[in-house]
Amino acid sequence: MRASVAPTAALAAALLSSLARCSLQEPKDQVASALSPYFGTKTRYEDVNPGLLSDPEAPQRDPELLEGSCTPVQLVALIRHGTRYPTAKQIRKLRQLHGMLQARGPGDDRPGNASDRGLGAALADWPLWYADWMDGQLVEKGRQDMRQLALRLASLFPALFSRENYSRLRLITSSKHRCVDSGAAFLRGLWEHYHPGLSPPDVSDMECGPPSINDKLMRFFDHCKKFLTEVERNATALYHVEAFKTGPEMQSILKKVAAVLQVPVNNLNADLIQVAFFTCSFDLAIRGVKSPWCDVFDIDDAKVLEYLNDLKQYWKRGYGYTINSRSSCTLFQDIFQHLDKAVEEKQSTRHQTQNLEHTKSQPVSSPIVLQFGHAETLLPLLSLMGYFKDKEPLTAYNYKEQIHRKFRSGHIVPYASNLIFVLYHCENAKTPQEEFQVQILLNEKVLPLAHSQETVSLYEDLKNHYKDILQSCQTSEECELPKVNSTSDEL
């Protein structure tokens, strides 16, 4: 029976292998596209902004962006790194699953349809090209993500990204290679914007200099003892994630995949199923091809696996525990320190020149602040700000009730996701309070303000809304472990 499907499987594998060599081609297969919205934090940026598929360098101008007498004077952007390789841990799990498929003998073909047996064989023959050295590093597609984002933002805010302001750029990054390399790729995109057709110099030789590393800002979670103790290293903190893995929705997928792959169900677990699903996403995002791993799952499976990923993000980075978001206070305050300084400088310049005619408006000292981090940097901050909060918590037991949830990590923090604060100076303001206004963009779309649902806020109103975070949230106190009273009765 195995022999009857082997030629078909071998042909399929050969065809898929040849497709794999055509790197970065945009897949046309509708099945791959159908699964794309459910890849969680492994989602491609263009799946959140489909308009980029046709022209990834053209700015997607949101009609809600301010224009006219209000001119942008500063942009502070928090940017997740671009598309990356799987981590070494994920690669080891994939290797385990791949080895299990290759170890199947002729006797492992159970009764089933030919397509299932052919798929198992195609997966066993599908080249496992991931290696341990890749370990979460930025891929070429990730560099392209950053370069194209730079070109779009430079076109969207030409006055801020002027050639004159290039040396005033301020770049901060996490120490992880994928973030450092993302910052460098963004700078190369700006160089291309300023010098079309010229090869960029080394980043260290550029006027603005290379990004500076600041993990206390970009990886604040690594420096928060309370988070590390109560969440990161707490075996019970992700109870709902583990409970969902053994719940009916995941167990149903487990049985189905075991039948499709023709392996004993006891050899599989939720982690292996999830890494198989992510392999579909990695092959699509990194190489632009649809691997046979995508054929293992349908949309109903994808929705369940997305929820499993979202559960982890919710309880570890979102609203699950208060410390998840409160640990990001320092980063939030840092953003507003940049904005405050720009307001002060603009006011000072105005006072100095208000009696002089034909004085050119001077840019602030840091018109562009770019900070490169992780999904784990963005999600806590957005939670701190009150975004994407559902009425009920995400749990292992309310999957069906949460089908239409707001907290969908892939729609919030795909690869290259970005949270941008734009500070405007409004020339014709009727009152001093109206002179400075702010808009917030998420993934290049104006994000309605959490407190008002308006698309623009007076700067002072925004600061007032977040007064508690800006004035009372001290990371040293928030992250301090509760003191344990140790009294002894011993003499």
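Yeah, the Cβs are placed from backbone N, Cα and C, and that goes for glycine too.
Automatic prediction, not curation, is the source of TrEMBL annotations.
If you look up TrEMBL, you'll see Cys70-Cys426, Cys280-Cys294 marked as disulfide bond. Under the heading signal peptide, TrEMBL lists 1-25.
Of all the Cβ atoms in the protein chains shown, 25 others lie within 10 Å of the Cβ of Cys280 (disulfide bond). Comparing Cβ neighbour counts within 10 Å across the disulfide-bonded residues Cys70, Cys294, Cys426, the minimum falls on Cys426.
Cys294 (disulfide bond) is 48 Å away from Cys70 (disulfide bond) when you measure Cα to Cα. Reported as a whole number, the C-alpha separation between Cys280 (disulfide bond) and Cys426 (disulfide bond) equals 48 Å.
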